[in-house]
Amino acid sequence: MLAIQILDYIGVFVFAVSGVSAAASKKLDLFGGVIIAFVTALGGGTVRDVLIDAPIAWMENTEYVYIALGGSLFAFTFRDTVKKIRKSLFLFDSIGIGLFTIIGLQKAIGFGFSYDIAIILGVITATFGGVIRDILCNDIPLIFRKEIYATACIAGAVIYSIGDYFQLQTELNILISCLTVTGIRTWAVYKKVSMPVINDRL
Amino acid sequence: MLAIQILDYIGVFVFAVSGVSAAASKKLDLFGGVIIAFVTALGGGTVRDVLIDAPIAWMENTEYVYIALGGSLFAFTFRDTVKKIRKSLFLFDSIGIGLFTIIGLQKAIGFGFSYDIAIILGVITATFGGVIRDILCNDIPLIFRKEIYATACIAGAVIYSIGDYFQLQTELNILISCLTVTGIRTWAVYKKVSMPVINDRL
Amino acid sequence: MLAIQILDYIGVFVFAVSGVSAAASKKLDLFGGVIIAFVTALGGGTVRDVLIDAPIAWMENTEYVYIALGGSLFAFTFRDTVKKIRKSLFLFDSIGIGLFTIIGLQKAIGFGFSYDIAIILGVITATFGGVIRDILCNDIPLIFRKEIYATACIAGAVIYSIGDYFQLQTELNILISCLTVTGIRTWAVYKKVSMPVINDRL
């Protein structure tokens with residue numbers, strides 16, 4: 001499972017970079033940038049751990065703090081590079097979302113929660129970092145407005161749950177469900193597909 | 001206590017409907033609508049359970065998730081109907097607020113907290129769903145600005161606490177204190193009474 | 001340690017007063033003012049206690065609730081006085097920040113967390129009350145934008161941690177590290193020093 005661990009670290013790093021970008025667009029200072037980077041990268045897992053009453057992941061495994069800090073410093077130092085490699089970052093961001101969903105889902109299942117609650121907790125893990133980032137930046141959260149994002153997480157979480165129920169081999173299950181999340185999200189952004197807006201004539 | 005259980009379910013349902021209305025006014029997408037519905041309906045109890053370190057109610061009793069989801073789908077499907085029955089919804093909303101206050105208060109008392117802290121937790125249960133809804137929608141929370149709402153909750157919570165202290169029969173106590181909340185709120189909206197704004201000349 | 005206890009109480013009182021000022025500038029009503037006062041004064045410690053899974057401080061030691069309430073009522077009643085003594089309040093605010101940082105840090109160390117995590121929790125204790133206040137008031141948190149504030153907390157927390165590691169006498173360590181926070185913050189405001197903003201040319 002070393003590959004998963006490494007991808008998880010990369011996901012945290014990339015989320016931190018995207019947090020700094022959001023902070024920069026709001027003309028925040030360096031401290032604000034680090035905080036936004038932290039909540040983007042670690043906020044979703046923190047909310048999940050508070051809800052399931054687990055020790056907070058980054059407080060137990062402090063390497064996450066340093067990876068998020070590293071992502072912030074990287075984004076501060078190489079602002080131009082970050083803009084150039086935006087597409088590669090998007091790919092890692094999409095992989096991160098998939099992994100965060102499944103890691104949150106697995107943790108909730110491990111804590112004895114039923115699949116429906118575990119799916120919600122998986123989606124919270126992947127999305128609430130961005131939600132808190134947008135609240136701190138005084139925006140309506142992006143995922144409520146524009147993108148197939150949470151929907152991709154839900155799809156991947158449901159597929160993992162079905163695989164888990166039928167005792168599919170775990171590594172294979174993670175691979176399939178993560179690829180589902182990453183694939184749907186990448187496809188949606190590429191094709192500019194978005195969720196319908198609520199209105200009087202659905 | 002079956003009547004209380006049913007009214008509690010109706011309260012969650014109606015809160016979810018009102019969440020979708022808030023989301024629609026901000027032109028959020030369907031996913032955003034469901035999330036706002038969930039936090040409006042379940043957010044207050046979630047904050048309470050995190051503070052008193054109890055298992056989160058909707059994670060233990062998953063029917064709440066489906067009732068909130070049902071409220072969302074109802075609001076999506078019958079947007080015109082929702083507008084027409086707005087007055088009936090307001091009544092159930094006011095009943096919901098009363099019940100949520102007393103349920104939160106009872107739970108806090110059951111966890112051994114003193115009346116003053118339990119009153120705060122009752123008010124949090126009834127109001128913080130709406131507070132988080134407004135934060136996510138990028139508004140200053142409505143209850144800080146316009147309505148006798150929290151004040152009604154505090155009044156009902158104090159009355160319940162007095163009744164509880166003097167060992168009033170529980171069902172009767174719930175009835176009296178919930179009617180207090182619902183009555184004050186309905187009266188205030190009907191009479192357009194509101195709290196004074198803070199200013200230099202109070 | 002009586003002096004520390006009294007300064008802690010004064011810190012909570014002054015934070016509550018500053019919360020009412022923020023609420024008044026947004027034309028909130030009295031209830032909104034009390035809530036903003038409470039979250040400003042008690043929000044940072046609440047987030048810390050949720051993260052380390054400790055009983056929430058103000059729910060165990062209810063005098064904090066009454067001190068925050070007292071600060072609110074003082075601010076409502078003596079709005080003109082509050083404006084006149086703004087400079088004295090700023091001093092107590094800066095002392096409060098220093099104390100809150102070190103109290104949070106000590107508590108985290110006492111719960112067995114490593115220094116790096118404890119420093120983060122100390123800073124959260126001192127700053128997140130103001131962050132939640134600004135979110136509720138629909139502003140981008142002030143500390144992300146304008147002031148040497150969190151930086152002062154981090155400096156004091158690091159100094160306390162070094163002193164603690166070398167088993168410096170606790171009262172002396174508190175004194176030095178709190179004075180560091182208060183000193184840096186006062187100096188920065190006096191000299192109008194602020195953190196650099198993130199931009200393309202750091």
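Here the Cβ of each residue, glycine as well, is placed from N, Cα and C on the backbone.
Keep in mind that TrEMBL annotations are predicted by a computer and have not been checked by a curator.
As annotated in TrEMBL, transmembrane segment covers the listed stretch C:89-109 rather than the other ranges in C:89-109, C:152-172. In the domain 'Glycine transporter' (C:91-162), the DSSP tally of helix, strand and coil residues is 58 helix, 0 strand, 14 coil. Among C:31-52, C:64-82, C:89-109, C:115-136, C:64-82 has the largest number of CB pairs under 8 A with the transmembrane segment (C:6-24). The transmembrane segment (C:64-82) and the transmembrane segment (C:31-52) are in contact, since at least 3 Cβ pairs between them lie under 8 Å (pairs 6 or more apart in sequence). Outside the transmembrane segment (C:31-52) by six or more residues, the chain places 12-13, 15-20, 22-24, 58, 64-65, 67-69, 71-72, 75-76, 100, 103-104, 107-108, 111, 113, 121, 124-133, 136-137 with a CB less than 8 A from a CB of the stretch. Counting only same-chain residues 6+ beyond the ends of the transmembrane segment (C:115-136), those with a CB under 8 A from a CB of the stretch are 15, 19, 22, 35-36, 39-45, 47-48, 51-52, 97-98, 100-105, 107-109, 142-143, 149-150, 153-154, 157-158, 160-161, 164-165, 181.
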